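Look at Swiss-Prot and you will find 1-22 tagged as signal peptide, backed by sequence analysis. If you look up Swiss-Prot, you'll see 273-283, 282-341, 310-373, 314-375 marked as disulfide bond.
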């Protein structure tokens, strides 16, 4: 090789060397995000989208299952005023304190569309003027909806709070049905109880009113309300029928238990993961719903619960079993041609809440907890 050719060859190497070296460095330099990191990041993004859509869906489902067009406009202050300080309600709240939001071994309802009510607590309102004389009595009228009438009554209890007596005495608690003033005798006594009370002690008393409630449901036109009196030996009326200062939550209310439909028990099973799990298959992930974050003060309990959600890959084609499947499709459009990871088993939650009429309802909201995920 001539010297001139060698010089030319070396010149080409020198000229091309930095380019080639630079190109090699470009390929060999570690990337800021490896393929594994990129895939993991994309998976996290999909999960976050699914969680957001699941929360929005839960809002809509609760209102739909409770047959509400929108959430009741009941603030936290109103809740404090309306919430009875009574034994049956306190027992329910104590249950939530003990159980927390544990969803194990829950009971599933056959009705997957609407809430099955167990207990209704109705606050008393002022009777119509036709049964009042000089604006009295101020209490008590209980209203019933068509939905309520369609259910079978198991038990109906009227709860009345008695103010403390000045001395140990016998109190005669009387419950009378009201009639229009024009009908002459506007009081029909239906129940009378004799109660011994101690001095300086207030108490809640319950009276069975199932019979009169049954009459009201069969003949709504006869429901003009009731009058409640609890006279001691001195003629003082100790019954709290309208809230005096410091007596919020002590007004009379009716606790009605109605029959439930058939139900069955389903056990929880399936593949469970946490947010840091590397699992790529269809799996159930934790998701906590916080009603206070929604601004839903009208829900008394639970304040939060574990709803869970499904995410992951599927390999086989199946038919969709639940409407929640479309949430995954929206979050991952590229996967819509194949099977989706979706809830295959769901269970209800027990909820204590105010409806739009400011009645306290305790019931089951079906299909609110994801128990198991699968491909469909």
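Cβ coordinates come from backbone N, Cα and C, glycine included.
Structure coloured by features recorded in Swiss-Prot.
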{"residue": "273", "record": "disulfide bond", "DSSP class": "coil"}
{"residue": "282", "record": "disulfide bond", "DSSP class": "coil"}
{"residue": "310", "record": "disulfide bond", "DSSP class": "strand"}
{"residue": "341", "record": "disulfide bond", "DSSP class": "strand"}
{"residue": "373", "record": "disulfide bond", "DSSP class": "strand"}
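In this structure the C-alpha atoms belonging to residue 314 (disulfide bond) and residue 282 (disulfide bond) are separated by 6 Å. Only 282, 341, from the disulfide-bonded residues 273, 282, 341, place their Cα within 10 Å of the Cα belonging to residue 373 (disulfide bond). The Cα of residue 375 (disulfide bond) lies closest to that of 341, out of the disulfide-bonded residues 273, 283, 310, 341. Cα-Cα distance from residue 341 (disulfide bond) to residue 310 (disulfide bond): 6 Å (rounded to the nearest whole number). The Cβ of 341 has fewer other Cβ atoms within 10 Å than any other of the disulfide-bonded residues 310, 341. Note: the Cα of residue 283 (disulfide bond) and the Cα of residue 310 (disulfide bond) are spaced 6 Å from each other. Ranking the disulfide-bonded residues 273, 282, 283, 314 by C-beta neighbours within 10 Å puts 282 at the top. In terms of local Cβ density within 10 Å, 373 ranks first among the disulfide-bonded residues 373, 375.
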